[in-house]
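The structure appears below as structure tokens.
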Ligand code: SAM
């Protein structure tokens, strides 16, 4: 029989038995509301053939829900006490516990290969964890993560939004992301002093065939000084404002524009123009724009 989901009494009892005092440093706020667990599992769009990757299983609240929905669960937990105790709570055989830092796991650590990331993430490392896992695990077809509401808003923001920034563009490089609802503080123990939000994402074909790190270097430079025009903001990256202007013009983007108005495809066009246009050389926008593909 499947293990039952954990409510407030079970969470308190489990934590007391394990001698766990939740720490802020590791973002330990545990879910104690079975309805929220059911909601997350349903919103994730899992199929029975999926292999779920959960970062930070904690006391196992979400792990129990996932184990009932997919053919395998990988749970990556940094806290050795929690990692060690998890198999006693989630007795399903199709669970692999990894006592590891999610920021340092590698693709080869997981067999079978994870197809969906579903997690109530430790909030202080949520963005780097999502980006690291998308880079490291091409097998991930998508996911659903719970993060601090402000971070959720940033991750799904589009060009022109006040909160559009590095996390938005980098996630957009990997995936189509959308907001999937808000979660109130009361469903956690201890109760955090922030609201939480769900972000769903589906992996996409990477925009353009320019190296990801070259594109991300442009994104980092553009947003490091987000109030400046791209001509000024990209001067350091390009090797001077004149060269930045030359690259921007070659990419078909106004040197007076700001990073916050560009789509991920436009950042790709800038990286492509820098690669293709020799400094001081002449290059027209048509040389750097992705070609139309007949379907
Ligand atoms: N999934 C559980 C739940 O919903 O009740 C716990 C979520 S709690 C917000 C975050 C969990 O991530 C904690 O168990 C914490 O120990 C773990 N954690 C923190 N940093 C981590 C890291 N870098 N890698 C893996 N796990 C981490």
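Quick reminder: no glycine exception, Cβ is built from N, Cα and C everywhere.
Record features (TrEMBL):
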type	residues	note
BINDING	29, 31, 56, 77, 101, 120	S-adenosyl-L-methionine binding site
DOMAIN	36-205	domain 'Ribosomal RNA adenine methylase transferase N-terminal'
REGION	276-295	region 'Disordered'
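Here the features listed in TrEMBL are painted onto the structure.
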| residue | record | Cβ neighbours (10 Å) |
| --- | --- | --- |
| 29 | S-adenosyl-L-methionine binding site | 22 |
| 31 | S-adenosyl-L-methionine binding site | 24 |
| 56 | S-adenosyl-L-methionine binding site | 25 |
| 77 | S-adenosyl-L-methionine binding site | 25 |
| 101 | S-adenosyl-L-methionine binding site | 13 |
| 120 | S-adenosyl-L-methionine binding site | 28 |
Could you state, as a whole number of Å, the largest distance between Cα atoms of any two of 29, 31, 56, 77, 101, 120, the listed S-adenosyl-L-methionine binders? 20
Within the domain 'Ribosomal RNA adenine methylase transferase N-terminal' (36-205) only, compute the mean pLDDT. 97
